[in-house]
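Summarising the annotation, TrEMBL assigns repeat 'PPR' to 84-118, 119-153, 154-188, 189-223, 224-258, 259-293, 294-328, 392-426, 427-461, 462-496.
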Amino acid sequence: MSWRAAISFQDKLIRRSKQWNKINAILQILERGTYEAELAEALKPYSVSLQPAFVCEVLHSTRNVRAATGFFGWAGQQRNYRHNAQAYAALIDILCKAKDINGISYYVEEMEKEGIIADAKLYCKLVEIYGRLGMLQEAESTFDHMRRLKQQPSLLAYTVLIHQLVKVNHIKRAEDVFEDMLSIGCSADHVLYSVLMDGYGRLGRLEDVMRILREMVETGLSPDKIAYTTLINSFCDAGKVEEAEWFVKAAVEHNVGLDAALLNAFLGGLCRTSKFKKAAQLVETMENSDVRPNERTYNILLYWLCKTGNLEEALKIMDSMEKKGCQPNTTSFTILVDYYSGRIDAASQMFEKQVKSTFSPANVTIENFVKGAHLIEAETVVEMIDKVCKASVVTYGTLINWLCRSNKLDEALAFSSKVTQKGFHWNVIIYNTLITHLCKAGRLEDAKVLLTNMWDSGCNPNVKTFTTYMQGLCEDRELAELFEVLELMIERCIVPDDVMYSAVVRTLIRSRLLNTCRAMIMEKLKAGERRFVGVYHKLLIQIDNMASATKEKPEV
């Protein structure tokens, strides 16, 4: 290396080091969690010559959504600076990882209002995240927007969207998207062809399943394990077990390699058509081969044997599982306990068998006792658990849940103290159960005490906690506190979801508070605090939509 090159390299290292020092200093400021005004003052020295590339580097280094959105908002307010598509993409990437749907929607809308056109990579990411979260409408809308911009979606974006469409039986729309993909010269892979076959199989359209298979082979792709499993599932669901068996043999002949998922699909078809002798032979073959049966294999047998009344054979299967080193799981015991439902003595025997195993205690059995109004027996079961093996917090949570659902709220609160006495910490499920039923009973002050205890104990409330509590506030006409709780959620990076918005608005409708709430939201929006604009805007839209749907009249 020449001395000029060495000096140039050294200069680059120095500049890079200074850049990293600036980024680390900014990250330390962001991690303090200061308010907007304090944040602006602390970041003021870094506003000179601010560039989108530097903003992207800071965003890529942030650890949480709140820090990222705070810095992004501050940067956007600086003179002589304007976010570009890359800066928005960096922030939205963070929001996608956090599954912050409201944040994603807000910043995508802001980006488009600014006239900034994102690249295909960002839109593909949005299609993927919306699809995986089951938000089909948003995924389709983003996909259509891409196509209007004449941008090319990725194969993964096409696959995710088509998969979501076939899950809700929108097969015609899935076909249109598939044709669009082929028209731009994008080729399908094994996964996408399997998704399409699964869609047709769900509807019993076996001719179309075979048509897709032929198209797949014609493009030079041979069926893989996923494709064969999909084919076997489709034909078994339609009761065509002989044809499904042909595909099993074809998989062997083509050296695809069998696995438990593929054989379990065929096993389900055999059991569905009451071919139990052949099903038993298949399991025996699996036990003597490299493809060992798993819990699902035995649970398929258990389910269909119980469904057809072959209890004796089902119990033999349960015994054989343990002998063959495949421990029964929750599903195994649930299948048998469901069969015993209403037969308390028999269920007790099942429980004794369960607690002697290494499996966790019989929470399902407790539920069945309580369903049958056998509360004393249920508490006795907990005592039995402590004698045989250590009860888990889930065991206590199960009983608390069913005490609440049996309108025995005071007993549930009293029993909940035993959780702490046994050395367990309350989990979010126990808190949510009690807060939900306290709010339903109009005991808002007790619910508030529990919510405070929840924070103090370090057990973080989730969206369900806040949804229930805010419904209680609406019923009690405490709108000012409702907004305080909503803002607290945003500050704690807890993202409200559509279920929460709908639940709150339905309660507002019942309490005839829509107009009052709408007016308060408008005042909040006028205040314009950036962090809360998205959530209030979404709540306002939900109010207007549901008000028009229910023809809610203005308050007098």
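Including glycine, each Cβ sits where the backbone N, Cα and C put it.
Applying DSSP to the repeat 'PPR' (84-118) sorts its residues as follows: 26 helix, 0 strand, 9 coil. For the repeat 'PPR' (154-188), the number of residues in each DSSP class (helix H, G, I; strand E, B; coil) is 26 helix, 0 strand, 9 coil. Within its own chain, the repeat 'PPR' (224-258) has Cβ neighbours under 8 Å at 190-191, 193-194, 197-198, 200-202, 204, 206, 209, 213, 216, 265-266, 268-270, 272-273, 275, 291, counting only residues six or more beyond its boundaries.
Taken as a whole, the repeat 'PPR' (462-496) shows an average pLDDT of 80 in this prediction.
Applying DSSP to the repeat 'PPR' (427-461) sorts its residues as follows: 26 helix, 0 strand, 9 coil. Across the repeat 'PPR' (259-293), the DSSP tally of helix, strand and coil residues reads 25 helix, 0 strand, 10 coil.
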